[in-house]
Amino acid sequence: MKFQTGLKEKDVTSEEIFKDRRNILKGLGFVGASLLLSQVPVKAESLSDELTPENKITGYNNFYEFGWDKSDPARYQNRFKSDPWQVVIDGEVNAPITLDLDDLNKIAQEERIYRFRCVEAWSMVIPWLGFPLSALLKLADPTSEARYVAFETLYDPAQFPNQGGGSFGGFSFPYVEGLTIEEAMHPLTFMSMGLYGKKLLPQNGAPLRLVVPWKYGFKSIKSIVKITLTKHQPRTTWNMSAPHEYGFYANVNPNVSHPRWSQASERIIGTEGLFGAKRRNTELFNGYSEVASLYTGMDLKKNY
Ligand SMILES: Nc1nc2c(c(=O)[nH]1)N[C@H]1C(S)=C(S)[C@@H](COP(=O)(O)O)O[C@H]1N2
Ligand SMILES: [Mo]
C-alpha cells in the first residue's frame, strides 16, 4: 500500500467546496432540521475533528471481497454494479420485504458526520448520507421475538475478484455481521447510501452499507443484500476467523488491547506528513458516550 505524504491542492478544494455548499444551502434555508439535529448527538464537531479528505475515504479501504490491500477496492471497483440492487429483510418480522434501489432512494436521507475507527488503529471523520437503520427495519415490522439483526454482503465472484478463492485462514465469504436489536434500533446506527454529498462508490460499500460509529470498522458491513432478524446471536465474519481477537460486540475501547497491538491511540488518516501521521487518543465507544447505557453491567473486557 502506498501513501501520499501531505495534501494536494485538489484534496483541499473538494472539502472546501463541500463546506461551501453546506453554507450556501444553510443560507438558502435548505439545510433542514434533520441535518442540524443529526449533528447534535454526533459530536464530531465538538471533538474538533476535521473531515478526512474525500480521496482518502475512497482510496484507503478495507473491502476484502476486492482484495487484501487497501488500494485493491479502488483498483477493482469498476467491475462492480450496484444498480440494479435488491435488499431482503426477513426472519423475525411480520412483513418480510424486498426493496430495490428505487424503494431505498425514497427513504429520506440526512447527513451524519461520524468518526470512524478501524480495529487496525487508524481513524477517519466521514460525512455520510443515509438514514437510521431503525427506519429500514420498521418497514418489515419486527416481531417481539427479534433479539438480533444479521447482515450479509453480496456474494458474486464475477464482481468481487477476491471471493473466488474460497476461504483463507478461516476467513470466508459472504461477509456477515450482526448487532443486538437494541444496538440496531439506536438512533446513531445508520445505513449509508452516500458520502460527501454523492452516491457511495463501490469501494465504500455501494449502494447500501451499515455505519455503527461506536464500534470498530469491521462491524460496518458493506454492499448489503440481506438483513435477517433473529432470536439467536448471529455468526460474524471476523469472529469466525479469529475469535480470540475479534468479538461480537467490537465496541471501540482504548482499555482493551487487541492481542497483538494497543488500542490506546489511533493514526489519523489524511494527516500524513514527512514525520508520519498525527495521532489522537482513542476514546471509549469512539467518543459516543450516549451508547454506554446499552452495555450497563456488561464486562467489556470479556465482551470485546
Ligand atoms: N463486506 C465487507 N464489509 C466490510 C469489510 C469487508 O472487507 N467486507 N471491511 C470492514 C472494515 S475492516 C472496515 S475498517 C470498513 C472500512 O470501510 P471504508 O473502506 O468505507 O472506510 O468496512 C468494513 N466492512
Ligand atoms: Mo477495519
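Backbone N, Cα and C atoms are what each Cβ position is placed from, and that goes for glycine too.
Annotation source TrEMBL lists Mo-molybdopterin binding site at Asn61, Tyr64, Glu65, Cys118, Thr153, Asn204, Arg209, Ser220, Ile221, Lys222. In sequence order, Phe151, Glu152, Thr153, Tyr175, Val176, Glu177, Gly205, Arg209, Leu210 are the residues of the chain that are 6 or more apart from Ile221 (Mo-molybdopterin binding site) and have a CB within less than 8 Å of its CB.
If you look up TrEMBL, you'll see 80-238 marked as domain 'Oxidoreductase molybdopterin-binding'.
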Set of same-chain residues at least 6 away whose C-beta sits under 8 angstroms from Glu65 (Mo-molybdopterin binding site): Thr153, Phe160, Asn162, Gln163, Phe173, Tyr175, Ser223
Neighbour tally for Arg209 (Mo-molybdopterin binding site), based on other Cβ positions within 10 Å of its Cβ: 23
Neighbourhood of Asn61 (Mo-molybdopterin binding site) by C-beta distance under 8 A, where only residues 6 or more apart in the same chain count: Lys70, Asp72, Pro73, Ala74, Gln203, Asn204
Thr153 (Mo-molybdopterin binding site): tally of other CB atoms within 10 A of its CB: 24
Site extent for Mo-molybdopterin (largest Cα pair distance over Asn61, Tyr64, Glu65, Cys118, Thr153, Asn204, Arg209, Ser220, Ile221, Lys222, Å): 19
